[in-house]
Amino acid sequence: MSKRMKSILVWVVIALIGFAIIQVAILTGWITRYYEMTLMLILINIMLAVGLNLIVGISGQLSLGHAGFMALGAYTTGIITRMMPNLGGFALGILGGVFLSGIVAYVVGIPTLRLKGDYLAIATLGVGEIIRIAILNLDITNGARGLSGIPKLATWYYAYIVVVLIILVAANYVNSSPGRATISIREDEIAAESLGINIQKYKMIAFLIGTMTASVAGSFHATYYQLIVPSQFDFVRSIDILIMVVLGGMGSLTGSIFAAVFLGLLNHFLADYGSLRVILYAIALILVMLFKPSGLFGRREIKASKLFNWKKKGVSQS
Amino acid sequence: MSILSVEKLTKQFGGLTAVSDINLSIQKNELVGLIGPNGAGKTTFFNLLTGVYKPTKGKISLNVGKEPISLIDKRTDQIASLGIARTFQNIRLFKQLTVMDNVLIGMHQKNNVGTIRSILRVPSFFKMEDKLKKEALELLAIFNLEDSADVLAENLSYGQQRRLEIVRALATEPSLLFLDEPAAGMNPQESVELTKLIRKIQQEFDLTVILIEHDMSVVMNVCERIYVLEYGRLLAEGTPEAIRSNPDVLRAYLGEEE
């Protein structure tokens, strides 16, 4: 069997095992309804973190407006599924959200992706806020009261499948020629340009994939929690996602996934401590940044091919 | 046939004229040197040709296809795609990436199967990846770097980094190669090897090479024709022998006799 087939097989097995573990845990009552909400939050956060990592970690463009694109998906899906409360409506809502956030990201990306560093961060922050304020003032979105009574269509296994798909898309992109071109922009824009790489184009591709996945996450958010209000998608939510990316390691998809799970669980188990939770959460972040400033994983990834090497050589190369 | 011609090229930074009224014409398969004292405008001139800076005035035209193309108002990446590759005075490798990835990124523009196909992992994607990796190794082998393919670029020695930058430039399949001080920081022996290497790749890849260099042994040995810049102006032009005995050039480099 070729190495390529082996890698694919390993990932399929890992994905199935993950699914089976969660399923068994639910059937045996390990994961209660309350726990299931944490599970869902983690899955949604993985979608968001992996998407934002493509923008921040892979193309090297700091975006602070991720929650805005999540809101586009959430509201599109919320509005559509309230009219069509079935799985067709859910699918239509996801696609509609992806389409809408793609258009918004494209239009916004043309001017803002020319900016660098802090300027881009401020511009994307502005975009996120504009989206939120637009939602706050539109009739169709029901303003500050938000949308309630959205049918509960999202289940954890749909979310799980979508998470696997999003990771697949992101990993395939990163490990391809266009992905390498995008990484080269992060490393050195001038050198990338001198090799014929259209830096605007690849910044845009990473931005589009990232924002579209944020929209999908929003769709799941809306159809799981059944109530969406604009304040759920404010600047703080964008920072939340950014923290996962930074904590896991900018440029490491594995890191983003791990950080989303870790922070989700941390939040869950600290919930009993009330306001102490926020302090402990902050201390955990400070400690990681002190001892591992590049994030838990740095830029490393767990790769199936490396697992084989590891077995052979006994050492995994970073 | 002239492959690159520059007319009255001028670049001003505010009140400072870094490059002024330069005319020059490069023939196909020539190996041309560009020399001059520090601050003469050599690197600025390269940056104008590669679109990093926009010229204040003047014309640049590249003649690699059927008819000449003006490079004014073209983006750096467009100019690179037309067949101009370069290296940098202060090495600009993708330091955190492997040697192999550096070369593969150089190959990207001419061998792109497309983003959607890459994500969907269609068969042509795998075919292309295999082909590119094989070609990258062949290219690295010319520069004795094939054993370092999986090493991070920052962990290479200085001389190896310089060579890798040339490999990466060649990976873009250029017809013109600009080398900005390729021998900087090399010892005499490395310089001699570099000289041979430049000649070899010029023939093997059917290249036109323009090089900026301070190491006179490299310039005099390798270049067929030399342009001398001083204070942004073209001071002299000619064969290495002619330049060596040109009184203006001697004055620029050694100062005037009292």
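Heads up, the Cβ atoms here are built off N, Cα and C, so glycines get one too.
Those TrEMBL annotations? Automatic predictions, nothing curated.
Feature annotations, courtesy of TrEMBL:
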| type | residues | note |
| --- | --- | --- |
| TRANSMEM | A:7-31 | transmembrane segment |
| TRANSMEM | A:37-56 | transmembrane segment |
| TRANSMEM | A:63-81 | transmembrane segment |
| TRANSMEM | A:87-107 | transmembrane segment |
| TRANSMEM | A:119-136 | transmembrane segment |
| TRANSMEM | A:156-174 | transmembrane segment |
| TRANSMEM | A:205-229 | transmembrane segment |
| TRANSMEM | A:241-266 | transmembrane segment |
| TRANSMEM | A:278-297 | transmembrane segment |
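Looking at which of A:7-31, A:37-56, A:63-81, A:119-136, A:205-229 has the most CB pairs under 8 Å to the transmembrane segment (A:156-174), the answer is the stretch A:37-56. Among the stretches A:87-107, A:119-136, A:205-229, A:241-266, A:278-297, the one making the largest number of Cβ pairs under 8 Å with the transmembrane segment (A:37-56) is A:241-266. Against the transmembrane segment (A:119-136), the recorded stretches A:7-31, A:63-81, A:87-107, A:278-297 differ in Cβ pairs under 8 Å, and the greatest number is found for A:63-81.
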